[in-house]
Amino acid sequence: MKRPLAAVSAALLTSGVLTCVATPAAQAATPSAPAPASSAAARAESLLASNPGAVQGASGEAYQAYRTKVDANGAAHTRYTRTYHGLRVYGGDFVIHTAPNGAYAGTSVGLSAPLTLGTAAKVTSAAAKETARKTFKGSLAAVGAPELFVDASSGKGRLAWETVATGFKADKQTPSKLHVITDAVTGRVIGSYDEIESVAGTGNSVYSGTVSVDTTLSGSTYSMVDPSHGNGRTCDMNNTTSGTCTTFTDADNTWGTGAASNRQSAAVDAHFGAAKTFDYFKNVHGRNGIFGTGAGVPSRVHYGSAYVNAFWDGSQMTYGDGSGNAKPLVSLDVAGHEMSHGVTENVVSGGLTYSGESGGLNEATSDIFGTSVEFYAAAPGDPGDYKIGEEIDINGNGSPLRYMYNPSLDGSSDSCWTTSTKNKDVHYSSGPANHFFFNLSEGTGATSWGTSPVCGSAPAVTGIGRAKAEKIWFRALDVYFTSNTSYVNNTTPSNTARAYSLRAATDLYGNCSAEYKAVQAAWTAVAVSGSDAPCSSTGNDFSVSLSPTSGSVTAGGSVSTTVSTATTSGTAQTVSLSASGLPSGATASFSPSSVTSGGSSTLTISTSSATPTGTYSVTVTGTGAVTHTAGYTLTVNGTGGGCTGAGQKIGNPGFESGSTAWTASSGVIGQPGASQPARSGTWNAWMDGYGSSHTDTLSQSVSLPAGCTSYNFSFYLHIDTAETTTSTAYDTVRVQVLNSSGTVLATLGTYSNLNKAAGYTLRSFSLASYAGQTVTLKFTATEDASLQTSFVVDDTAVNVS
């Protein structure tokens, strides 16, 4: 239920503390990664098996797919974790990239060379555990069993113990999960970091206003459970640090008074911040919430007594009430920054290492997205800007935590990269990336946000706008960053934020586009150089064309066309040729199979006597530095025999006999009346519409006679949705053809919330490829965890003539 609410928020944290989760080298308590897309993962697996050297592979290693991202054009990016003789390798993660046609398209790798170390520890597990016990500062509750692993966070491997000590920090309220890394050969402490990183400070109430939040009504009671954002809930810790967190409830759905003294007011801000962060990642980047699964984020408020902090612990947000329990730390900045840590640790296997330059990039990523959430939310009381924690009076003079346009203004952060940046606290080594993002968005020099200086004698930068800059940064994180990506890496220069953001800009806007050049300039302006070549006026490119663009053949025969290429800019390049979309029993061959742009090849499509009659759209793909396609229309004619058994082949096509002849999920076929009117009659098939994770199916087997000219499958489809995005397909329905064994022969069409429209729309497809066969026509509708989309089918038909 949506209602306007009075809200109050309070201060953030001080001295470097938008508190963050230190991304651990061990297993963080985060939700499972989504299952990889099977076909893309299979291609990556094959490439990995044939070329382990591309990921610095070594004897005794094993690899596990972590997640796969498939782009709209079919290009894919599969992330892997690595073990070495059975030991986890932190910093050994990598990404295999494949082109739309499945060809190898490069890797993202953190290792600088294959691992060669021994696996026998000289330091005992007991000694490592005792070291962790002595390293912990605060109230120690337990020390876990040490894990022997390979620490490759620097790009090179060394044998180490990782031990997790848990308890509370010295303030006795902030929970602590301290990861202590001990060299397994020398016993020296290599480093330590806390999953829950925070620094004590002071806070002041900074936000008040009326906002709208989603709640749930049960009986006559409203609760702070958000059905539109994965059922994220907001609860009251009652100023304790453990025990039950009680979900907020209300009788009239008007929450809070705008005063911090009302316990609901802080809850409103937390609930609002969680929803806006969820919406930002979903609607701007197409990520289904923080975890990528559609699940909402729990928010705990009123934690501890006079607790001046807020933190993300890998699964939930927690907010203290600030000094005197009167200044709750529930501002939008905190929510956006902290929950962005959750995105980072779920996207990159193991997250970005929370130390050195990788740690700075980790913090900068949360600053970048926290700022972007603030702009996205457009709250009148806290409009977007490029200051982090700008509403907090850290020093008593109104100064913010960090300045993105000139990070060194805080007295500790680096505005320009230097060789000592890696030695700074991660909140301050975030400076160069924060500065880069501002320059990329708004440009250098005097701006309406503040003056952004260039480093050294770097040329000025013209910004491309925040909307493009945030997409480039998310793309780089989502498909390219590894756990030990850094600013500068002379050994592995490809594993840097500069290199990966340039690849992201190429993906989104083209090689040597204005956006690509702006990324180069913005990095140079903060003293981060790279091995990327400067762009000439135009990059290397080519075109592909066919002559003729269509042809007919009798089943059993062949037809040919000429594939011509041309160099359209830059220098000539090798272009590999392939074809897809062929009917069963047909093959394609190119002579030659690859050409230098400017050359030509002959494509021959050969059919067999069993190739079904019909018209097919064949795609010819040329792959070089970029990919281009051309279309060819192939018509296969029958060998005679006549058409017997013509007519309409679907049983109960309008559902007026209920479920007769159909197989469907429970409740799909029915008479919904005014809620989802039938196109004709009173019955239809209504799939999804629940507003929660759900899948419905509808199918029927159809026998298609051989020897006919036309096989037309048609149906009317209505789609309505509560989704507001205009760019991301969250809920979909696939229309597929299956054989008698249940194998998918083809996906005829996929529709989504983006295809919403009033009334019904006629959809039709040719089934000529399946003449003489019995096939199953199947609709599969899948809905994510929030916001309903309904797919309604009526008046189906398969007309054969």
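Cβ from N, Cα, C; glycine included.
Residues or ranges marked as signal peptide in TrEMBL: 1-28.
Away from its own ends, the domain 'FTP' (63-103) comes close to residues 25-26, 33-34, 36-37, 40-41, 43-45, 47-48, 54-55, 109-111, 115, 117, 119, 147-155, 157, 159, 347-350, 353, 478-480, 482-484, 507, 576, 578, 580, 621, 623, 627 of its chain (Cβ-Cβ under 8 Å, at least six residues beyond either end). If you look up TrEMBL, you'll see 63-103 marked as domain 'FTP'.
Positions annotated as domain 'Peptidase M4' by TrEMBL: 201-345.
Residues or ranges marked as active site by TrEMBL: Glu338. When Cβ atoms from all protein chains are considered, those within 10 Å of Glu338 (active site) total 25, not counting its own. Under the DSSP three-state reduction, Glu338 (active site) is assigned to helix.
Positions annotated as domain 'Peptidase M4 C-terminal' by TrEMBL: 351-528.
If you look up TrEMBL, you'll see His427 marked as active site, proton donor.
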Distance [Cα-Cα, Å, rounded] between His427 (active site, proton donor) and Glu338 (active site): 13
Taken over the domain 'Peptidase M4' (201-345), the model's mean pLDDT: 84
Number of helical, extended and coil residues in the domain 'FTP' (63-103), per DSSP: 0 helix, 26 strand, 15 coil
